[in-house]
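Presented below is the structure to which this report refers.
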Amino acid sequence: MKPPILFTILLTVISGTMIVLMSSHWLMIWIGFEMNTLAIIPILMKKSNPRAIEASTKYFLTQATASMILMMGITINLMYSGQWTMSKTLCPMASTMMTIALAMKLGLAPFHFWVPEVTQGVHMSSGLILLTWQKIAPLLVLYQISPTIDPNLLLPMAMMSVLIGGWGGLNQTQLRKILAYSSIAHMGWMATITLYNPTMMLLNLTIYIIMTLTTFMLFMHNSTTTTLSLSQTWNKTPLVTSLILMLMLSLGGLPPLSGFIPKWMIIQELTKNEMIIMPTLLAITALLNLYFYMRLTYTTTLTMFPSTNNMKMKWKFDNTKKMILLPPLTVISTMLLPITPLLSILD
């Protein structure tokens, strides 16, 4: 893809999200979602091969269905309220339909089936955009309508997402699929806390985006796509491989890394709201995510695959990929836990 065309498409993707963020008119929000969806398709098909085309088609059909349900919810709300403006009060049917549409866009269970397949079928850079930037607009619309959402609808979806995000990643060897299932689990955590402390959801989203962005950038730096290729990078770039594994543990929520902050604060907030069963189940299912990340770290560091090259001297070319943002992003993704007391302002 030529640079001017790529720049125009990326600008349209960014513009679509910004329109959603800055609008209080439901029609403009819907138009922003449509701009974003139509512009991301060429990015997903950047590497023209059958798998990328299949993934783009799956993504388009899912997002088009979600947009149709969202427009139906907007129309029903217009019939009841007589206004297009986003307000704190929505009729129950419109709120339910909008919640389902946003859950489809986010990949919450049981609408999660497209996330691993699409992420695996596209290029690593396209997967990065898919799992980070594309989550911002739906989550912030969910944030704005959170007072009207029925907890009996959103909480079961959130709980299923955390559970499926943990189970799905257990038998994966493809790194993109592992990150996709991790994304489903993180969306479940964010959906849970949206009902009780929406501001904390924004903190969770920020930390998730930083960790996922850094992980994808390190994968692209090392050109790794599977657990086998990751284990073979010790001889080439031992420092980068160590950072990748540390980031994996942070994504799993292992203390004292940054990924532990949102889980800690969400469980604390749910407990303050006199909920016992939900935080207990979330903490138990979060162990599934932590398990497959720790297993990946263990197999990469303490065991050797048969095809791993153990030579002390190895032909090595200088890496021409210069990523200036990697050092600060890596520090933020792993060492934010000491600032947690400062976040008491969210209470």
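Note that Cβ sites are derived from N, Cα and C of the backbone, with glycine treated the same way.
Per Swiss-Prot, the feature transmembrane segment maps to 3-23 (among others); the stated evidence is sequence analysis.
Taken from Swiss-Prot, the feature transmembrane segment applies to 25-45 (among others).
For 59-79 (among others), the entry in Swiss-Prot reads transmembrane segment.
Under the heading transmembrane segment, Swiss-Prot lists 96-116 (among others), citing sequence analysis as support.
Swiss-Prot lists 122-142 (among others) with the feature transmembrane segment.
Residues or ranges marked as transmembrane segment by Swiss-Prot on the basis of sequence analysis: 149-169 (among others).
The transmembrane segment annotation in Swiss-Prot covers 178-198 (among others).
Per Swiss-Prot, the feature transmembrane segment maps to 200-220 (among others); the stated evidence is sequence analysis. Sequence-remote contacts of a segment are chain residues at least 6 beyond its ends whose Cβ falls under 8 Å from one of its Cβ atoms, and for the transmembrane segment (200-220) they are 124-125, 127-128, 131-132, 135-136, 139, 143, 175, 179, 182-183, 186, 189-190, 193-194, 240, 243-244, 247-248, 250-251, 258-259, 261-262, 265-266, 269, 321, 323, 325-326, 329-330, 332-333, 336, 343, 346.
According to Swiss-Prot, the transmembrane segment annotation covers 242-262 (among others), on the basis of sequence analysis. Sequence-distant contacts of the transmembrane segment (242-262), counting only residues of its own chain at least 6 positions beyond either end whose CB sits under 8 Å from a CB of the stretch, comprise 179, 182, 189, 200, 203-204, 207-208, 210-212, 214-215, 218-219, 222, 224, 230, 286, 289-294, 296-297, 300-301, 330, 332-337, 340, 343.
Feature annotation from Swiss-Prot assigns transmembrane segment to 274-294 (among others).
Look at Swiss-Prot and you will find 323-343 (among others) tagged as transmembrane segment.
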Listed stretch, out of 122-142, 149-169, 178-198, that has the most CB pairs under 8 angstroms to the transmembrane segment (25-45): 122-142
Chain residues in Cβ proximity to the transmembrane segment (3-23) (below 8 Å; excluding those fewer than six residues from its ends, i.e. six or more beyond): 29, 31-40, 42-43, 86, 129, 133, 136-137, 140-141
Chain residues in Cβ proximity to the transmembrane segment (122-142) (below 8 Å; excluding those fewer than six residues from its ends, i.e. six or more beyond): 13-14, 16-17, 20-21, 29, 32-33, 36, 40, 43-44, 46-47, 52, 55-56, 59, 98-99, 102, 105-106, 149, 176, 179-180, 183, 187, 190-191, 194, 201, 205, 208-209, 212-213, 216-217, 219-220, 225
Segment proximity, the transmembrane segment (59-79) to the transmembrane segment (274-294), 3 or more C-beta pairs under 8 Å: no
